[in-house]
Amino acid sequence: MPELPEVETVRGGLAPVLEGRRLVRVEARRPDLRFPLPPGFVQILTGSTIVKLERRAKYLLGRLDREDTLVMHLGMSGRFEIAHPEGEERPGRFHYAPDPDPKHAHVVFETEAGVRITYYDPRRFGYMSLVNTATLDLHPWFAGLGPEPLSDDFDAAHLKAAFTGRRQGPKTLLLDQRIVAGLGNIYVCEALNRARISPFKPAGRISRPRIEVLVAAIKDVLREAIAAGGSTLRDYAQADGALGYFQHSFRTYDREGQPCRNDGCRGVIGREVQAGRSTFYCPVCQR
């Protein structure tokens, strides 16, 4: 599943062709993705202008010039394909096959500039909806979300309060979207390794100074990943078709049995399964 840096990269790729553009044609080729499309989906969007394309957690938000916001979630395998009028393809993809299969093309947007943006989703775990902009923050998808990890609201004081008295490990809590929005398995593993904090240590026993280091590590990892265009594992390319390359900077993720890259550490990266997810860490320097 794409994490915050990948979704932000997709947003950056789609923004130039969607922001300030009027949608002259919208086609819903099936009535549902993970959830049914809302009534009037095509009619409301046709003729609307996407004023701004934003991201909240792992959601893309198309702010319309009407009362609604177009909410899009990529799920496990959703991706966008951008086709310019001259036929040039600039795909922004989360994909499981090298070439799009037309049967997986579920939603098509066409702008007044003649650009066609097609949403493909083989697994159909992604979804789209229209939510009233005035009450967006109260919607169940957003009401319980914590602060954005790159915002000023996500700081050591916030995380210390979230960790206080908790017996769970910090990884479990950082993946809780109510504590911080948008973090996923890859970047939590990476940040904990940089901060040299064990993913299994009871969070309530982590000191304030170490939490300050962890917050800084989270922000650094995310900024670097966004600058690198995300991580290309098996299913991701940027909105211009180029591959993200942050995976080449991984210190822990998917590096089981390899040397830890932290300075002065001679440990070997291990892997444990927590709640069905692989946790990569160094048992030597992460305490």
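Using N, Cα and C of the backbone, Cβ positions are placed for all residues, glycine too.
Database features, via Swiss-Prot:
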- P2: active site, schiff-base intermediate with DNA (ACT_SITE)
- E3: active site, proton donor (ACT_SITE)
- K58: active site, proton donor (ACT_SITE)
- R277: active site, proton donor (ACT_SITE)
- H104, R123, R166: DNA binding site (BINDING)
- 251-287: zinc finger (ZN_FING)
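A map of Swiss-Prot features onto the structure.
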{"residue": "K58", "record": "active site, proton donor", "contacts (Cβ under 8 Å, 6+ apart)": "M1, P2, E3, L4, V7, H73, L74, G182, G184"}
{"residue": "H104", "record": "DNA binding site", "contacts (Cβ under 8 Å, 6+ apart)": "Y120, D121, P122"}
{"residue": "R166", "record": "DNA binding site", "contacts (Cβ under 8 Å, 6+ apart)": "L173, P202, A203, G204"}
{"residue": "R277", "record": "active site, proton donor", "contacts (Cβ under 8 Å, 6+ apart)": "N185"}
R277 (active site, proton donor) - helix vs strand vs coil (DSSP): strand
Packing count at R123 (DNA binding site) (other Cβ atoms within 10 Å of its Cβ): 13
For DNA: widest Cα to Cα gap among H104, R123, R166 in Å: 43
Residues in the zinc finger (251-287) grouped by DSSP into helix, strand and remaining coil: 0 helix, 12 strand, 25 coil
The residue listed as 'active site, schiff-base intermediate with DNA': tally of other CB atoms within 10 A of its CB: 25
